[in-house]
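First comes the structure, then the notes that go with it.
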């Protein structure tokens, strides 16, 4: 049966099935013929197998259903029409929706998000909901669609970081600005060690730092260890970010919980340009 599917031979599949062979037979990786047809994007074969009452939610050795493979390949309309579950997790901790978001497949995300059984707050193994994952990957169109379908804007990952934290850390300026304009808390700290501005400053995302300051992010706001954005940027050696923060009024003599200033940490690491900026 698997060979018939691999060759796209519907007639051979029908003939073999008429010999009373079990349609849900598994290969060495515990995949059914439907797994293989979905993986190969053989839509006619998928339709035929479903018409033969194959189990659409069967899992292979790594926990993937046919819908997981279809999400990877960008063809899952038929499976969703036949009520394949969008809630099944593979052994990597992902549902089909998480896979489609990582692949930036907007059309597939729309299909899954419209499924009757979809859970838009379901968490992947890394604790990310679909919205958190879209923010992390920088997929603004997908993020907007998820919000339009009712996804929670202020969702937190298990370490208490928000979609805005993720966008700031990765440098996704347009996405971060959209979140702020739609009510995201710009200086949220919670149980996280950093505010969004800390993450952007530490990563050296200058355009994002400027945007956050434009929306009045707290330039002296403290994070873990009482570090300010300037201390984060100085410790990371981000020259232009340090210059930007100083030009916007960051205090060079502000100390962290260890009594260290931005100048101290820059000197310890030998960042001459940063030292010069902070001494001006």
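Using N, Cα and C of the backbone, Cβ positions are placed for all residues, glycine too.
Per TrEMBL, the feature repeat 'ANK' maps to 1-28, 29-61, 126-158, 159-191, 192-224, 225-257, 258-280.
Taken through DSSP, the repeat 'ANK' (225-257) splits into 19 helix, 0 strand, 14 coil.
Per-residue confidence over the repeat 'ANK' (1-28) averages out at a pLDDT of 75. Sorting each residue of the repeat 'ANK' (258-280) by its DSSP state yields 16 helix, 0 strand, 7 coil.
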